[in-house]
Every structure is written in structure tokens, then in C-alpha cells.
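Since the structure comes first, as C-alpha cells, the remarks are kept for the end.
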Amino acid sequence: MAEIDGEHRANVEDQTHPTSCFPTVPFLQKLIAEVLGTYFVIFAGCAAVVVNADKEKVVGLPGISIVWGLVVMVMVYSVGHISGAHFNPAVTIAFASCRRFPVKQVPAYVGAQVLGSTLASGTLRLIFNGHEDHFAGTLPVGSHLQSLVLEFIITFYLMFVISGVATDNRAIGELAGLAVGATVLLNVMFAGPISGASMNPARSLGPAIVSNQYHGIWIYMLGPTAGAISGAWVYNIIRFTDKPLREITKSTSFLRSAGSRNASKQ
């Protein structure tokens, strides 16, 4: 979900071979990282949902929220330096809309993310014998409009955080995984009982494909995508400079200015 390596924050290079339609080895490695990362995120998060339903609410909403937040955090740190750790079509599309990700690579990334989610959902279905009451997808509890608005807001919030910690070179990149994971945890805590707190089209689509349940699926395609794009662009609006923090502090730091004045007096 967030690129944590400073050299990859504005990764817009084309990694397909200039004279061939086949992708390069580094790009294939990125796709594999996205498949595996999305697989483990969806497997762990949806497993918490299924176990909670199967074992008389033993996990609970706080437990489910913690699982989602932790698995996102650890996978960001695991493969963020390889693929950028998007794990989410809405994040990939939002980065592409801001020219921080190559548009021609979007279909491959989205395909990898949906594949990872579908494989994880299929694994859970096999483990739990495909019980119909163990649906790990997302369903609107209230009205469709209520869930749509909520998905827009929480994904806006998530993408705004991702943009701040992963694309702004003034931020502390090492904390990106922690910040993104905490945001997911918070969103699941308050939005989970209403919309399912998807924030991710792949998260909703994978279980829907495996269980053949598509009720309200359009909410989780439209809401998160629109929210992520809006969040990314709003952060770009308030991003007043692309200069690194160390360059800004050379001229604006109060401590540096005070130190210079004291030195001149001496």
C-alpha cells in the first residue's frame, strides 16, 4: 500500500522491454510481490472474519481490526521495497492518476492484486469447507448510499495517509508501514460494522468471486477508487514543495537561525 524506500517513492519508470511485449524480470518480481502480499493480507484479514463467525465471535471487532492493521503493516515492510506494496487497485489507480506510477503497468498490478485476493479467498473456502455462513467478503449493512459514502471517506483517509508517508520526501519513510497499518485498524474499527471497511476493490472482489456473491459489489469498486484518487490529489494540493526536509530546514529552521546569530555575535 505504500512505498517505503525513498528511491522508489516516485517510481514512474517503464520496466517493460523497449523492443519486446514481454515484461522484464524486475517487473515480474514486482507482480509476484503484489500477488503474495495481497494474498497474505487478504488471507489473514478474512481468516479473522471467518474464525470470528465460526467460533462464536471469539475474535471480536477489536481483534479483527488489529489483524487487518498488523498484516498490512508487516507486508508493507516485507515487500514495500520491491513492488511498492500497493495490494490495492484503488491505491495503484490513485498513484497513476498523480503520475507517480506508470499508467501502462496499472492493468498488470490490478490483475496481480485480484489474483492474490481470489487465491486467498479460495484457500479459506477450502479450509472451512465452503460454509455459506462463512462469507468473508463485504456487504452493506445499511443503505447502499450510506456504505458508498463511508467507503469513499475511509479510503480517502487511507490514501491521504499513504500519500503523506510514502510520497513526500520530508516524511519519515521508515514509519510508513506503521502509519498505514494504524489507519487500516482505525477504519475497520468504526466502519467495519456498517460497510465492512473494504477500502480495497480486490479485498471485496476476491471473496465475491469465490463465493459467487456479488450483492452491492459496485459499492466496493466505486467508493474506494474514487476515495483513493481524491485523497491522493488533495494531498498533492497541500504539498507545497518537493524539496527534502534537510533543504527546507537550512533556511527556515528556527534553531539553525538562532545558532547562526549566536555564532556571529561571538
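Cβ coordinates come from backbone N, Cα and C, glycine included.
As recorded in TrEMBL, the features of this protein are as follows:
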type	residues	note
TRANSMEM	31-51	transmembrane segment
TRANSMEM	58-79	transmembrane segment
TRANSMEM	148-166	transmembrane segment
TRANSMEM	178-197	transmembrane segment
TRANSMEM	217-238	transmembrane segment
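Fewer than three CB pairs closer than 8 A are found between the transmembrane segment (178-197) and the transmembrane segment (31-51), and contact between the two stretches is not assigned (pairs 6 or more residues apart). Below 8 angstroms of C-beta separation, residues 1-2, 4, 33-34, 36-37, 40-41, 44-45, 47-49, 51-52, 85, 87, 176-178, 180-186, 188-189, 192-193, 197 of the same chain, each at least six residues beyond the ends of the transmembrane segment (58-79), sit close to that stretch.
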